[in-house]
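What TrEMBL records for A:81-295 is domain 'ABC transmembrane type-1'. Feature annotation from TrEMBL assigns transmembrane segment to A:25-48, A:84-104, A:116-139, A:166-188, A:221-240, A:274-295.
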Amino acid sequence: MTTDFTATLGSTGIRRREKRDWKGWAFVGPFMVVFALVFLTPLAYAMYLSFFQEKLIGGTAFVGLDNYVRALTDSQFWEAFGRVLIFLVIQVPIMLVLALGAALALDSARLRGASFFRILIFLPYAVPAVVAVLMWGYIYGDQFGLTANFNDFLGFDALTPFAKEWMLVSIGNIVTWEFVGYNMLIFYSSLKTIPTDMYEAASLDGAGAWRTIFSIKIPSVRGALVIASIFSIIGSFQLFNEPNILRPLAPNVITTYFTPNMYAYNLSFAGQQFNYAATIAIIMGIITAVIAYVVQLRGSKTEVR
Amino acid sequence: MALAFNRQATKRHDPMNPRKSNTLLIVMVIYALYTLVPLVWLLFSSTKTQAGLFSSFGLWFSDDFAFFDNLAATFSYRDGIFLRWLGNTLLYVVVGAGGATLLATMAGYGLAKYRFPGRRAVFAVVLGAVAVPGTALAVPTFLLFSELGLTNTPWAVIIPSLISPFGLYLIWVFATESVPTELLEAARIDGAGEFRTFFTISMRLLAPGIVTVALFTVVATWNNYFLPLIMLSDPDWYPLTVGLNQWSNQAIGAGSQPIYNLVIMGSLLTIIPIVIAFLLLQRFWQSGLTAGSVKQ
């Protein structure tokens, strides 16, 4: 048993002759104490809450899986879920392809001013989500934004970012703007770890630039792609900041249940339905964890090939 | 097939230093413009009065130059609440991100360099928890903190900021690669305590990793919105992000008092410090991230 997991964790390059004692806890302990307070306890508390309901008479009562049954048949929840799913399926691939393209361009040695572009494309990541959404929100606006300038120039309302049918696109644009740089950096760091003799060998074999990209570079960043995908999936399911900050600008389009997270937030802080909100949060947590796990499995399976 | 590739290869003399491509440059310039447009818009808009915002093109100056008026107005509005928010943000960043960096560095180092009972469980729990959406925990965390009487105090924002699983992962990878176990053993033979060794020797070797983690936790706490939004109800404790959004919402509803010029100037002031930090520390975080991705 012991040797078993020394072997698995030992692949990190640690010498086996190190003593196995409790000293390590002095370093790991403080982190774990805070971690227990802000991660494990709330998680357990949320599970506990999800099995109870506030009754008008008699206070809190154990209701078993009633809250879960309610959520599974709640059309507002599923509408919100469907919305983030569409968002996920369309926005994440666009963002990751842009990020990978930018990383490959920066890594290709064929681009002038690569370090300038690298820092520039990464820049939006440093901009707080609130500021990013406020900026884009004003730009989208029909009062003094660029959209208004553009529409005035054309003489009719060509762009309507706050219309019902364009809202997800408008949000997707903000999220893409914010996170392409971050994902680009993940891919770029991963590309930098490919040994240069691989390229020399490929070049000797007569592989061109595109061939090198598809046969060497993209397979080499598969791990980074899996990680970036998982982060993006988690991010999409958690979508909150962007729609919540845009909501005052388009209150009729962005409902209180626009995304599952907004739904849970509004249930608890506007509706005082803490138990049901906790149930929604747990269901979303389970779905996210399952999808992240499947992506990871598929990612590592194809890696072995 | 092979012939075609050969012909291509003979055109390029040195595979490591190929000819620069203009097509690639143009594509990247277009993307760079997309990145820059909102920021340039913000810069131009910060020089305008509210009337100027409405009457001028977004990507150029208006007739009057009100940059310094806006700056002064932002700091003096409502007895200088903006300055208070800036101070709060700094407090949350210094204590929250500083603490997160220290905790993640110690824990990542401990996991990389020590064998101890429960090590595997720590890995499983921390990595497993990353998959749980952080905001899903927000409501129960809020309820828990309100039981403890912590809501509406700085602690409600600082304590959850102290945990950075990503930081722990990065330092773990970094410590495994860059702190030789022999060195630690030599220090032990010399009679140095474990913490002394950590603070005098290991931390120096971990420096690029620590700067990277510090920078990313600083960004996370500086940009934090959701957590302070739910935890704080007293504007005196708001960080810049929540405060700015409140200013922005002032333009909506009956009897509204729009202060667009202040929101825009405030946004600009919120971005500048973090952008400067990134530019100054470029060399560190870029090398830190590259090392971190070795493990992938």
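Note that Cβ sites are derived from N, Cα and C of the backbone, with glycine treated the same way.
Because TrEMBL annotations are produced automatically, they should be read as predictions rather than curated entries.
Most Cβ pairs under 8 Å with the transmembrane segment (A:84-104) belong to A:166-188, among the candidate stretches A:25-48, A:166-188, A:221-240, A:274-295. Among residues of the same chain six or more beyond the transmembrane segment (A:25-48), those with a C-beta under 8 A of the stretch's C-beta atoms are 278, 281-282. Beyond the transmembrane segment (A:221-240), the same-chain residues lying 6 or more positions past its ends with a Cβ under 8 Å from any Cβ of the stretch are 84, 87-88, 91-92, 95-96, 99-100, 103, 171, 175, 179, 183, 186-187, 189-191, 259-262, 265, 284, 287-288, 291-292, 295-296, 299-300, 302-303.
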